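> So Swiss-Prot has the following annotated:
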BINDING   D25, S26, Y57, G58, N90, T91, T205, H206  substrate binding site
ACT_SITE  C89  active site, proton donor/acceptor
ACT_SITE  C204  active site, proton donor/acceptor
Amino acid sequence: MKKAPAGSFPAKPTIAPERPILVFDSGIGGLTVLREARVVMPDRRFVYIADDAGFPYGNWEEEALKRRIIELFGEFIANYDPEIAVIACNTASTLVLEDLRRAYPSVPFVGMVPAIKPAAERTSSGLVSVLATPGTVKRAYTRDLIQSFASRCHVRLVGADGLAAIAEAHIRGESFDEALVMAQIAPCFIEKDGKRTDIVVLACTHYPFLVNVLRRLAPWPVDWLDPAEAIARRMKSLLPARSDDDEFHSQDDLAFFTSRKPDYAIRRLMQGFGLRF
């Protein structure tokens, strides 16, 4: 297979460790999924991979991005032999999930898709907004979800072209202009026939890191729906059960960045999540 564009990877250990769960995102938003996965699977080993060399994915031409992710996973699978792989990125999941399953049939893949079905089940007003990247908004897959599960609701798709980058800045402790955040989320709030939007689906794993900011800036209270917990439960359901006699993993959880150059703030963040480089 052609060498992945992100550079060389660590050599595969000579003594095979416990097969990890691989959590992949374009940046650090997938940590929201990792956090929930550890709650439901504290005995499992994780490898977190951020394709920061390719971030943000919204700037990519679709076929080029698809090729990149498929090639990267060839390296990831060869080096880490994951028990399961989680695409903790809505943009990547809606673009390439099925291609990954075809390319690597021996690895179970779990993807992130907008939580439109639970939003439709939970809404009282029937007014639901989906806050996502422009790539997720324009995919036919997203519209198919609406047609299948939310046809009786008024669903507004809101493509936020800069919110993931703002979330990354926020996680790093950097300042940002809250007016930009307000401009990104304002289209989510609809008033119609005396009713208001009551659920906003967070259809990007970066956005939950901003949820306290979003709550404060919102013109009225809504349910900010984060699918990370449901994805973690789905991951667990695909793995073989462990008995009480099974030993917990002894290997460290790892973080790998495709740029090979995470800055100091990111390294501190990863260490705070108990991830070793």
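A Cβ is built for glycine as well, from the same backbone N, Cα and C atoms used for every other residue.
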> Measuring Cα to Cα, how many Å separate Y57 (substrate binding site) from C89 (active site, proton donor/acceptor)?
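Counting only the Cα atoms, the answer is 10 Å.
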> Output, ordered by sequence, the same-chain residues six or more apart from T205 (substrate binding site) with a CB under 8 Å from its CB, or 'none'.
D25, G29, G30, L31, T32, V33, A88, C89, N90, M112, A228
> Looking only at C-alpha atoms, tell me how far C204 (active site, proton donor/acceptor) is from T91 (substrate binding site), rounded to the nearest Å.
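Spelling it out, the Cα of C204 (active site, proton donor/acceptor) and the Cα of T91 (substrate binding site) are 8 Å apart.
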> Record lists D25, S26, Y57, G58, N90, T91, T205, H206 as binding substrate; longest Cα-Cα distance in Å?
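Roughly 14 Å, rounded to the nearest whole number.
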> List, in sequence order, the residues of the same chain other than D25, S26, Y57, G58, N90, T91, T205, H206 whose Cβ lies within 8 Å of the centroid of the Cβ atoms of the recorded substrate site.
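The answer, listed by sequence position, is G27, G29, F55, P56, C89, A92, T133, A164, C204.
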> Reduce the DSSP letter at Y57 (substrate binding site) to three states and note it down.
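SS state of Y57 (substrate binding site) = helix.
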> Just jot down the residues in the same chain as G58 (substrate binding site), at least 6 apart in sequence, with C-beta under 8 A of its C-beta; none if empty.
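Spatial neighbours, sequence-distant, of G58 (substrate binding site): T91, T133, P134, G135, D161, A164.
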